[in-house]
């Protein structure tokens, strides 16, 4: 990671460094310059989620892009994967998303996609960062006659919905299927309901009234309880919860049980293997994946490899090893046969397609994987020293690992997008994992909080 760019772009509290209008303008300028080339009329797409600060950052980005002689196309509110798709399909030079994903509305972020729909490689992000931090842009500004223009794109949502529907097998139908959607008052609030309605489902929608401040507030993929209750109330077949920018998914079965991202991966990988679409017979998972996923895949005779947390690292391993599916327990799942990045709506469509193909309710499909007891505690931190350099923390981790032996594991890592440390413990019982996780979290808070 650089000084500005983390594992998922630039993030921070809106109107505070680095998420200021001035920084957004500079990111726009630097990004535009990176994609300019002689004899070409470049264009950059800009999309956002529903945060209040999105207006400020959007206009600043446009100013920066146009000041460098590049055209900006404003898409408006659309899920992050929608920008990835549109950037590629429209042959734009780059796409920029203004969002902080599952974070509260006070936060915002900027992430950038290349013209092929993939997130920018680290070296390009570092080059943009270098231009900004070392004030290299003033001498690069074009003449007034060469300034760029800004346009609004009115049919972006419709184009994206057409793409989404094409990921659902044409021979299947959702007629008579009851679906409940939790849109987190975020970027999916119009796209997701319209997509499932057009596929023939009976749709009930929750948290689809964004006001700029209510994104992710007690709703969405991190708070699926209301969705689960509504699925039971409606007698629905399935429920889907998205996060604020629509790149992750949490599913709820017809009995109100909440599935993890790992369970979704196991279900979809099994169907893909049966259809001969699981390339290299390989699934990419992360260090945060539940042990149960590895066990389930082994029983299915499916190979898996593990990588660092972060969808960009999952994607890198998928591309390097020829895998067609990979993801995180948090609900980021990448289907490379369909998309270049994690897409919550695409994932939901693949889950419901699996239900139709297998002819089983989601509760039965979920039995493919036993979820091992796991506790995760996030601790706000003021500093981020290497874990191995904090003696008290090293000692408590070692103590817990010795007590768990081969029946569990401990993972302590810093978040790549927020100032916090994540403590995860897996073990034989929920009581033990909670007890040990609290022990470690208390030390983290004392030493780093």
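Just so it is clear, glycine is given a Cβ too, placed from its N, Cα and C backbone atoms.
DSSP assigns residue 101 (active site, phosphoserine intermediate) to coil in the three-state reduction, outside any helix or strand. With a cut-off of 8 Å between CB atoms and residues at least 6 apart in sequence, the same chain places 8, 80, 109, 243, 244, 245, 247, 248, 417 near residue 101 (active site, phosphoserine intermediate), listed in sequence order. Swiss-Prot lists 101 with the feature active site, phosphoserine intermediate.
If you look up Swiss-Prot, you'll see 101, 243, 245, 247 marked as Mg(2+) binding site. Using a 10 Å Cβ-Cβ cutoff, residue 247 (Mg(2+) binding site) registers 33 neighbours.
The phosphoserine annotation in Swiss-Prot covers 101.
All protein chains shown were included, and the count of other CB atoms within 10 Å of the CB of residue 243 (Mg(2+) binding site) stands at 32. Residue density at residue 245 (Mg(2+) binding site): 34 other Cβ atoms are found within 10 A of its Cβ, drawing on all protein chains shown.
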